[in-house]
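If you look up TrEMBL, you'll see 1-293 marked as domain 'Sulfatase N-terminal'. Here TrEMBL flags C18 as active site, nucleophile. Feature annotation from TrEMBL assigns 3-oxoalanine (Cys) to C18. Residues or ranges marked as Ca(2+) binding site by TrEMBL: C18, D228, N229. Look at TrEMBL and you will find H81 tagged as active site. Look at TrEMBL and you will find N143, N362 tagged as N-linked glycosylation site.
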Amino acid sequence: MAAEGMLFPNFYTANPLCSPSRAALLTGRLPIRNGFYTTNGHARNAYTPQEVVGGIPDTELLLPELLKGAGYVSKIVGKWHLGHRPRFHPLKHGFDEWFGSPNCHFGPYDNRARPNIPVYRDWEMVGRFYEEFPINHKTGEANLTQIYLQEALDFIKRQQAAQHPFFLYWAIDATHAPVYASKPFLGTSQRGRYGDAVREIDDSVGKILNLLQDLRIVENTFVFFTSDNGAALISAPKEGNNGPFLCGKQTTFEGGMREPAIAWWPGHIPAGQVSHQLGSIMDLFTTSLSLAGLEPPSDRVIDGLDLLPAMLQGQLMERPIFYYRGNTLMAVTLGQYKAHFWTWTNSWEEFRQGIDFCPGQNVSGVTTHTQEEHTKLPLIFHLGRDPGERYPLSFASTEYLNVLDRITPVVQQHQEALVPGQPQLNVCNQAVMNWAPPGCEKLGKCLTPPESVPEKCSWPH
C-alpha cells in the first residue's frame, strides 16, 4: 500500500488512547472541544468502558452525517467506542449501517457483576463477545477479523452495484488486548500473537484493495490507513513496538501519539511518495469532505486540515500539533521542534506494581512518575535530530530561545480562543452497562441492571 501510495512519517493521533482519538477522527476536532475528556483529575486519560454515562454529544457533527449531503452511504465495521447508550448509537450520528461493538472486547464477564459486550448489526445486538462471538484467551483464536473483512467486502460490492458513493470506516481491533487472530494466522509470525494479528490485518487490507481493483473503482476511491494511538508497551515491548520513539500508548511522548499513516489513491497520488507534512487524524475529516466536494462546518472550530494539497501537489503547510492528555495541554510540535509543558508517564504507585508505559526507556527528568510542570521553561526537543526525545535543548542556547519565541504565541492564541466542550467522561454508573441492549429480547439475552448509582469515574493515569 505504501509502495503504491504516500507514506506520512510525521502523522499524529489526537490523543494517546482510543475513544478520544476516534471522536477526533469523526468530528475533525480536538477531544477537549468535542467533550471526550475528563475533569476528574489533572491530565488524566479517559475513554468509554461500559460503565461510562457519556458519549458523543448530539451537538457534534460527524463525518458520515455531513457526507449524506453528497449522497454517500456510510458503514462502520468494528469498534465504535463513542458511547454505548441508545442516544449515542452510530446510526443516530450519520452511519447507515453498523456491524461491530460499542466497547472494547474485554471479558469474559459473568453477566452478573458485568455483562459481556454486545455485537450489533445496525440497530440491534446479534450476540455478545465470548458467547456468540468467541475469543479464546488461551490460544488467542477468534474469527472476528475475518467477519469484519467480509462485512467490508460485502458493503463495497453492494454500494458499487447500486452506484452509490460510499464511506467505509473499518475499525478493527485485533491488536488491542486481548489480542486475537483467526486459526490460519495463529503462529505464523515471528512476533507472537500480536504479530499474527498484524499479519491478518495486513492480509485483510490487501483483500479490500484487491476488491477495489477488481471492481475497477480504484481511481475514484481514496483509502487511508492509520491508528488511534501508539503501541501499548505496558510492562514490556515484546509485541507492539514504537521504533525509535519514546514510550507508548497513554503518554504524550512520540511513541504514544505518532502513528503509521498511508494514503492510497492510484491515478491521483503518485506511487512510492513520502510526505513530511505534519498530519493529524483530524485531517481525515476535512480531507474526506473536500474529496466529496463539501465544505467543513463554519459554525465551529475545525482542527483538521485538508491534506489534498500535500498529497496531490506535494505542498507543505505549517501547522501546530497539540498533545492533550485529558484536560491538559501537555506539549506542542511546530515544524521539527516539540515543546513539553508537562511531563508524566504514570504514578509511582502504578509503576511499582509493574505498570510501565516506557519499558527500558528511562530518560531522567522526562519520563517522570510525578506530574512535572514546565510551562515557564518548556522542555524542547528537535525531533529530526532526536526523535526519541532524549536530549532537550539547552535553555541558554540561541536555538532554544528562537524556538520558544515561535511556539509561545501559537500556544497563547490556541489557549485564549479555546472553548472546552462539556466533559463526557466524568460520570460512571453500573446501571448503564450493556445489560439489555436493543434486540436482546429476540435473543433471550436481556439482563437485569443493578440499582442506578452515579459516581465520579476513577481515571488512574
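Note that the numbers count up from 1, one per residue, in the order the chain is shown.
Quick reminder: no glycine exception, Cβ is built from N, Cα and C everywhere.
Of the chain residues outside the Ca(2+) site list C18, D228, N229, T13, N15, P16, L17, S19, P20, S21, R22, S227, K249 have their Cβ within 8 Å of the site's Cβ mean position. Over the domain 'Sulfatase N-terminal' (1-293) the predicted model carries a mean pLDDT of 97.
Counting only the Cα atoms, the space from the residue listed as 'active site, nucleophile' to the residue listed as 'active site' is about 8 angstrom. Ranked by Cα separation from N362 (N-linked glycosylation site), the recorded positions H81, N143, N229 are led by N229.
Sorted by the number of other CB atoms within 10 A, the recorded positions C18, H81, N143, D228, N229 start with N143, the lowest. Looking only at Cα atoms, H81 (active site) sits nearest to D228 among the recorded positions N143, D228, N229. Taking all protein chains in view, 11 other C-beta atoms sit within 10 angstroms of the C-beta of N362 (N-linked glycosylation site).
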